[in-house]
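A.B. asks: From TrEMBL, for reference:
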- 47-542: domain 'Amino acid permease/ SLC12A' (DOMAIN)
- 551-678: domain 'SLC12A transporter C-terminal' (DOMAIN)
- 700-902: domain 'SLC12A transporter C-terminal' (DOMAIN)
- 118-142: transmembrane segment (TRANSMEM)
- 162-180: transmembrane segment (TRANSMEM)
- 187-205: transmembrane segment (TRANSMEM)
- 243-265: transmembrane segment (TRANSMEM)
- 277-296: transmembrane segment (TRANSMEM)
- 402-419: transmembrane segment (TRANSMEM)
- 426-448: transmembrane segment (TRANSMEM)
- 468-496: transmembrane segment (TRANSMEM)
Amino acid sequence: RASIYSVLDLVPQQELYSCTLPRHKGATARPTLDELRREAGVSVSSFRCMLNMWGVILLLRLSWITSQAGILLTWFIILLSAAVTSVTALSISAIATNGRASSGGAYFMISRSLGPEIGGPVGMIFSFANTLACVLSVVGFAEVVRDLMQFGAVMVDSINDIRIVGVVTVTVLLLFSLAGMKWASKAHILLFVCVYSISFANYFVGSFIPPSPEKQAQGIFGYRSDVFVSNLKPDWRGAEGTFVQMFALFFPSTIGILCGVNICGDLKDPATAIPKGSLMAIFWTTITFLAISGSIGSCVIRDASGNISDILTGNITEGCVGLGCGLGWNFTQCIESQSCGFGLANDLKVQLSSLVFPKSSLSSAFGFLTSAPKIFQCLCRDNLYPYIGFFAKGYGKNDEPLRAYILCYLIAVAFILIGELNSIAALISNFFLCSFCLINFSCFHASITNSPGWRPSFHYYSKWTALFGAVISVFLMFLFTWWAALVTCCMILFLFGYVNYNKPKVNWGSSVQAGIYNMALSYSISLSAVEDHVKNFRPQCLVLTGPPNQRPALVDFVGSFTKNISLMICGDIIMEQEKQTMPQEAAERSMRWMNERKVCSFYTAFSADSLRAGARHLMQAAGLGKLRPNTLVLGFKSNWTDSSAESIDDYINTIYDTFDCNHCLCILRMMDGLDPHTHLTLPPRAVVVDDISTRVDHDQMKTAFQNEQGTKTIDVYWIADDGGLTLLVPYLLTRRRRWRHSKVRVFIVGEEHNMEDGRNQMIALLKRFRLDFSDVIVITDGEKRPQAKSLSRFEDSVAPFRLHDEQQDGVSVQEFRQRSPWEISDKEFEAFKLKSERKVRLNEIIRRNSHHAALVLVSLPVPQSDCPSALYMSWLDTLTCGLHCPAVLIRGNQQSVLTFYCQ
């Protein structure tokens, strides 16, 4: 545990004294005095940022930008860039101090903040951009080395010399990188001390030394007020001479701000090092940029010939053009012919000696080459994209990504051999600007979601400045190079689409998750204040599936008309005699099964003594606010003739309770049963919980509702007006791709003498409901007596539940009903005989007309309170028996769910 003095300074503890024993290994050791005195994390972070910000732009382009934009506009460009990077640095600091950040840099921060969908594309593009940034620095180094080769020391030609020097250079840098992060950090410190400190001191001291005639011929005259005044205003030249182009040219110098973040996994205290190092780097580099641009604008004129013979003799200045005339030089000829080779506007390396630039380019290239592999290694380990896991392996105690080093090296060599990187340079700026945008947006999004997990220890940030940083980054992307911005956005969208489609199994607690929760909570509360309206009715289904993988047909049927439309909850009633509680593993397995099947449903389990008790509690308690079930969906009890009388009564009482709760009801019957494993349906549960774990997790058996239905028909037997649910469900089915070409046929009951009038009236009603249908068929023979064979089958099904008069032993009807509510007396059988025959006859009509249908929906008869359970169960069985397709018994709650009015 750290003391209050430092994160390295430990509080007294017993483990620190165990090392006093001889030959005792593995004990905790105190930090040494050198370690306590050295702020290694801050130094390395700030050094890396400054080394990469002091790169190609400072040493090759700052003088030219000053000549084009003038000192004032150059300072404005520098300060504006510093403002953007400062806002980004504040966002980086907030994210970096909201928990321990491991290796991966900006990718790790964005992916853990905004989720894999955004983080994945950024990781891929950012690692590639770092590699290309290394290429640019190496090519810049090679160009300077080529220019230093004098006296005809040319190896092949100018282009191939760059390629040879570049490949050799990047190979040497690779060997340094393979030595590990410890050597890389020491190398950066060495470069910082030996190169920049000495070079800057050399530059500023040298600027006060009176220039020689050779230097004056090159336009260098030392500090002079007239030179300073003449360089204050812009002097735009050429096609690229605009403020936007100069801003675009300078801005890449700020990409080094992320270099400290890229090695956050190697810092001893990233939470301290990243904020201090980043802000310190911005401050000192901004001061440096301002000082150098101001000093060089005070010492060097824009145009000079470099020819010492152009010195003026005497005071003759007639016909002389340019500021050099007042300084004793006549550069008129090169100015008028636009052939001057020296001065701010012509000599790109006027501000520093050529010895400094190769070293600085090497430091920048080295920084980018060590950053890119670590970012890519972190991306590979997250398994967001295929075929890149090979590069995730690390070596040594520091987990060095050697394979990723080799990959980045090969990419760098390939682009160095191409030689032309002008078009790619614009992409690199956009890649980093895109990272700036997403870093700021991550901070903004995490702040506005009010997640309890967002607790950064760095408090000097604002969500509104972060939003400003995100917006200005996007604006600059399109302002600098619009086509490069479009290419970057397209790449981001493509990589985003891939990750979003594959749904990687990661849970990083991102702010997107927190935002989704906030939106869901807000909308749910808002929805609670909205009154119900018939136009907005949706069948919100509570489906008694048990474990969903045991009844996939029931899940697929309800999912076919609720997906992305309405609520679906899979209810699992756990019998007390089976197990007291549902194991968490089984619940997670059920959700995983539904996610793999792409079913949009919730899952809830409930322990109860019976199906009826569990269903009643779920109907009362399931859901939230207006997102509550209004429809109960059951599987048909196919084995009812072999079940106990108590289980039949429990099943029928569940139907009674459904109507008591004013819920709609659907009962699905598959001819082969709902459980494809056993071809047997046992509501509410086919096996105990322990048996579930033996099932295959990825058992995704195909059901009839997953097949293309083609032009088969959906036959709707709208026998009783239930409010329109019987018509609404098939309409919702036909909106799905698999049912799109199916034809809906509506069957109604009518009389033969006015059959055509009844049909026309129904057609007019359906048209007013705006429901698509292919035909309306009037059933006129529904009251005929059924065939003897059909009646015989019905009587055989209820025979085990018959209680004849001689078996009642003088028991009253009330006592008989209380003792055995499922049994059917002779008197009750006769009383319901006509209704029973109507059900048998309707089944004959259904089998005759719907032999080739894809789905049959039949109005469910509402059970009367004096109807025995076994008799009602036989009616349900009779209505749907003998069909070769799925059959649904459906009943609304007698409230309209369809309307033809507009208000």
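Just so it is clear, glycine is given a Cβ too, placed from its N, Cα and C backbone atoms.
Buried or exposed, and what's around them? Tell me for each listed feature.
C.D. replies: Confidence in the domain 'SLC12A transporter C-terminal' (700-902), given as mean pLDDT, stands at 87.
Counting residues 6+ beyond its ends, the transmembrane segment (162-180) has Cβ neighbours under 8 Å at 134-135, 138-139, 141-143, 145-146, 155-156, 187, 362, 365-366, 369-370, 373, 396, 398, 400, 402, 405-406, 409, 412-413, 416-417, 419 in the same chain.
Panel annotation: around the transmembrane segment (468-496), residues 84, 87-88, 91, 117-118, 120-122, 124-125, 244, 247-248, 251, 385, 426-427, 429-431, 433-434, 436-441, 444 of the same chain, lying at least six beyond its termini, place a Cβ under 8 Å from a Cβ of the stretch.
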A.B. asks: Using DSSP, how many residues in the domain 'SLC12A transporter C-terminal' (551-678) fall into helix, strand and coil?
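C.D. replies: Helix, strand, coil within the domain 'SLC12A transporter C-terminal' (551-678): 54 helix, 28 strand, 46 coil.
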